[in-house]
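Colleague: According to TrEMBL, the protein carries these features:
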type     : residues                                      : note
BINDING  : Asn91, Asn92                                  : mRNA binding site
BINDING  : Lys95, Gly113, Asp135, Asp164, Gln186, Tyr191 : S-adenosyl-L-methionine binding site
COMPBIAS : 1-10                                          : compositional bias 'Polar residues'
COMPBIAS : 17-31                                         : compositional bias 'Polar residues'
COMPBIAS : 32-44                                         : compositional bias 'Low complexity'
DOMAIN   : 82-348                                        : domain 'MRNA cap 0 methyltransferase'
REGION   : 1-59                                          : region 'Disordered'
SITE     : Lys116                                        : site 'mRNA cap binding'
SITE     : Lys122                                        : site 'mRNA cap binding'
SITE     : Arg147                                        : site 'mRNA cap binding'
SITE     : His190                                        : site 'mRNA cap binding'
SITE     : Glu275                                        : site 'mRNA cap binding'
SITE     : Tyr340                                        : site 'mRNA cap binding'
Amino acid sequence: MPDHYSSTAPATEASHHASTGASDNANVTSEANTTTASHAGTTTTKRKHSHSDSQAHKRVAAQVADHYNARPDVGVEKRKESSIYHLKSFNNWLKSVLISRYARHGFNVLDIGVGKGGDLLKWSKARIGNFVGCDIASVSVEQARGRYQSMRKPPFTAQFHALDCYSEPISNVVSADQVFDMVSMQFCLHYSFETETKARMMLHNVSSQLRPGGIFIGTIPDAYWIVKKLKSGPSDLLEIGNSIYSIRFERRDAFEKFGAKYWFHLEDAIDDCPEYLVHMPTFQKLADEYGLELVYNKKFHQVYEEASKEPELKDLLYRMNVIQDNGHLSEDEWEAANIYLAFVFRKKENK
Ligand SMILES: C[S@@+](CC[C@H](N)C(=O)[O-])C[C@H]1O[C@@H](n2cnc3c(N)ncnc32)[C@H](O)[C@@H]1O
């Protein structure tokens, strides 16, 4: 059985040259592959979609939506009581780094997997012009809309839509003539790697209304790091983690390019939710078919090392309570932070 992850270059070394391991050329071996067809000059795999397949995929999507809908939208004060308060602050700081680097005054932004709208203030600081937030979890979407409406004089207009962005085209909710300058997918893209079909719909939604030269930013778990950590343990090990997170696989004899499922638990944030490894070379190759070129790919620790040297972003670490007089990330939180990597793609000019 294939294991596409072990030979992949680690994201820590990543620039846009990285992540092209030997497995790059291997055939996609996602479930029910049948024939191959040519798409945009690249050989791709066509899947035979059985009824029970699609029922199962709908069930997973509903499970993810239920999970996020059920999470309470806690206020600022309650958030401070969280056992992973500093980790949450760090993740927010990291998203601020990405947003402040790439968003510009007046931008039209599409946020896929907007959740409860936790990034609205960051977009406000970037002085964007319009914001469209979509998420499969309808309760979260309502909370995001409520958060926007409670902003004092929001400096941008905004629209929110409940949409399964990995099964339905964005044009179902957004007028086809809207052109985005930027698309953001924070901590959510990996759910689309359940199947190639979903990953393609996700990329279609990212790219179809993004202007040439437009930017696509995001954060995902680093599959290479996860698999490497699992494989560094005993040969029957199925779970890695520490006091605040766990990543549990059902099997370890095969890690496919799509559908490589694990169960993720993060204390006070995610209660055992099904997630999927994102095979970076496959993601990059697929994104290329949709006119998206990888320009940045770094582990969170590396982003921190670099960004915290910039006075303004260093100062932000204190203002966002990542570092406080009486505390900062624990060792376990610091390890959990490095599960993730940040990426940036640019839409090619001729696409
Ligand atoms: C970890 S939360 C991140 C929320 C937000 N981006 C943030 O950074 O705070 C992941 C989000 O992805 C959303 N999501 C998962 N599958 C989705 C899908 N098929 N379509 C749209 N959103 C999806 C979930 O509902 C959830 O709100």
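Every residue gets a Cβ built from N, Cα and C, even glycine.
Buried or exposed, and what's around them? Tell me for each listed feature.
Modeller: Here Asn91 (mRNA binding site) comes close to Phe187, Thr219, Ala337, Tyr340: these same-chain residues lie at least six apart in sequence, with C-beta atoms under 8 angstroms from its C-beta. According to its DSSP assignment, Asn91 (mRNA binding site) is helical.
The Cβ neighbour count for Gln186 (S-adenosyl-L-methionine binding site), using a 10 Å radius and every protein chain shown, is 25. In the three-state DSSP scheme, Gln186 (S-adenosyl-L-methionine binding site) is classed as strand.
A sphere of 10 angstroms centred on the C-beta of Lys116 (site 'mRNA cap binding') encloses 23 other C-beta atoms.
Taking a C-beta cut-off of under 8 angstroms and a sequence separation of 6 or more, Lys122 (site 'mRNA cap binding') has the following same-chain neighbours: Asn92, Lys95, Ser96, Ile99, Ser100.
Taking Cβ-Cβ distances under 8 Å and a sequence gap of 6 or more within the same chain, the neighbours of Arg147 (site 'mRNA cap binding') are Asp73, Lys116, Gly117, Leu120.
Within 10 Å of the C-beta of Glu275 (site 'mRNA cap binding') there are 21 other C-beta atoms, taking all protein chains into account. Glu275 (site 'mRNA cap binding') falls within a strand segment according to DSSP.
According to its DSSP assignment, Tyr340 (site 'mRNA cap binding') is in a strand.
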Colleague: Measuring Cα to Cα, how far is Asp135 (S-adenosyl-L-methionine binding site) from His190 (site 'mRNA cap binding') in Å?
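Modeller: Spelling it out, the Cα of Asp135 (S-adenosyl-L-methionine binding site) and the Cα of His190 (site 'mRNA cap binding') are 14 Å apart.
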Colleague: Using DSSP reduced to three states, classify Asp135 (S-adenosyl-L-methionine binding site) as helix, strand or coil.
Modeller: strand
Colleague: Quick one: give me the count of other CB atoms within 10 A of the CB of Gly113 (S-adenosyl-L-methionine binding site).
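Modeller: Looking across every protein chain shown, the total is 25.
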Colleague: I'd like to know which of these binding-site residues, Asp135, Asp164, is least surrounded, judged by other CB atoms within 10 A.
Modeller: Asp164
